[in-house]
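Down below is the structure, laid out as structure tokens.
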Amino acid sequence: MASLRKTHPLQKINKNALVDLSTPSNISVWWNFGSLLGLCLATQILTGPFLAMHYTSDIATAFSSVAHICRDVNYGWRNRNIHAKGESFFVIWVYQHIGPGLYYGYYLNDETWDIGLVLLFMVKGTAFGGYVLPWGQTSFWRATVITNLLSAVLGVTNSLVQWIWDILSVHSATLTRFFAFHFLFPFIIAAATVTHLLFLHETHSNSPLRLNSHAYQISFHPYFAYHDLLGFAALLIALTSLALSTPNLLGDPDNFAASDSLVTPPHIQLQYYCLLAYAILRSIPNKLSGVLVLLASSPVLMVIPLHYTSKQRGLIFRPLTQLLFWALIANVSILTWIGRMPVEHPFIVFGQISSFLYFILFLVLSPLAARLQDKVVISI
């Protein structure tokens with residue numbers, strides 16, 4: 001078996017990627033979220049096709065087909081609850097993965113960082129497409145709001161929106177396109193994830209202290225393999241407990257009613273993981289400018305590797321940049337809260353101030369702090 005593991009092509013890949021992979025010995029639990037994201041993706045891909053077998057992407061039967069899955073299909077309620085709650089865990093873990101990346105300098109590996117941000121955009125888009133499929137009140141109006149934003153891309157005409165709708169409003173063709181998009185994109189995400197891992201294994205994981213010497217590295221198995229298995233067990237227990245005991249905890253009550261284009265909800269809000277971008281969009285009166293700033297809220301993270309040119313890119317030895325990091329966390333929390341509030345005073349003003357600070361932290365304050373601390377280190 002040992003010789004086969006060294007000579008067989010597939011076994012050699014498995015050995016280099018999962019067994020003998022050089023890993024810093026002092027990485028913490030924050031490095032577990034990458035593997036947890038892989039488990040979330042696998043859960044979504046496994047449960048999704050079973051739901052697609054019984055789902056109909058027609059506005060006349062979409063809502064009732066979801067009810068049919070939950071009531072009549074054997075274990076359909078279980079698959080649907082795990083799939084829906086798995087989407088929430090998936091997006092939460094993405095943000096939990098990006099946070100330590102900013103703090104510990106994951107962005108040192110530029111290609112890995114950029115592909116990860118592309119994955120963030122695809123995951124959020126796929127999750128939104130999945131939320132439209134039940135075709136309840138919230139699903140319908142969220143689809144209407146988001147697709148209407150695309151009219152700002154062309155400025156004058158609404159031809160792009162009408163192309164997505166196929167007619168003059170959100171209809172069956174729109175729902176079919178969302179369904180196809182939601183079904184196909186997880187496989188594209190899986191391919192991009194493999195590319196993400198290839199770049200990561202090319203440069204290896206960084207450590208909290210940025211010590212890349214081989215003297216501080218050990219093999220991935222068995223030390224961190226069992227560490228990841230413990231994280232898998234904790235995630236599966238949390239996911240199944242939420243899906244089986246409180247399946248409606250993260251749902252929107254309005255989405256339990258069938259869609260009605262004649263009844264507009266008093267307050268339309270997006271999923272919690274889109275509230276930050278939604279708050280930024282609402283803070284800008286001009287539609288085109290708001291959409292452009294909304295689209296820039298995630299790609300702005302790609303400029304971070306350009307700010308830190310020194311070898312010490314992690315924040316653990318940078319107290320000023322640490323302060324800015326926690327200011328960013330507080331600002332993101334405020335924007336998420338504002339995204340849930342109605343569009344009225346004083347939330348509009350708070351949203352405008354927080355949106356301005358969000359981009360200033362990335363584009364101005366963070367690079368200034370990095371250069372200032374580099375000069376202090378050089379002078380010492």
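Cβ from N, Cα, C; glycine included.
Under the heading domain 'Cytochrome b/b6 N-terminal region profile', TrEMBL lists 1-209.
Annotation comment: TrEMBL describes 29-52 (among others) as transmembrane segment.
Under 8 Å from some Cβ of the transmembrane segment (88-107) lie the Cβ atoms of residues 30-31, 33-34, 36-37, 40-41, 44, 113, 116, 119-120, 123-124, 127, 206, 208, 210, 235, 238-239, 250, 271, 273, 301, 304-305, 308, 313-316, 322, 325, 328-329, all in the same chain and six or more residues away from its ends. Look at TrEMBL and you will find 88-107 (among others) tagged as transmembrane segment.
Taken from TrEMBL, the feature transmembrane segment covers 113-133 (among others).
Positions annotated as transmembrane segment by TrEMBL: 145-165 (among others).
Marked as transmembrane segment by TrEMBL: 177-199 (among others).
If you look up TrEMBL, you'll see 210-380 marked as domain 'Cytochrome b/b6 C-terminal region profile'.
The annotation transmembrane segment is assigned in TrEMBL to 220-244 (among others).
Summarising the annotation, TrEMBL assigns transmembrane segment to 320-339 (among others).
The transmembrane segment feature in TrEMBL is assigned to 345-365 (among others).
For the transmembrane segment (177-199), the neighbouring stretch richest in Cβ pairs under 8 Å, chosen from 113-133, 320-339, 345-365, is 113-133. Below 8 angstroms of C-beta separation, residues 279-280, 282-284, 293, 296-297, 300-301, 303-304, 324, 327-328, 331-332, 334-335, 338 of the same chain, each at least six residues beyond the ends of the transmembrane segment (345-365), sit close to that stretch.
Among residues of the same chain six or more beyond the transmembrane segment (320-339), those with a C-beta under 8 A of the stretch's C-beta atoms are 99, 102-103, 269-270, 272, 274-276, 278-280, 282, 347, 350-351, 354-355, 357-358, 361, 365-366, 369-370, 372-373.
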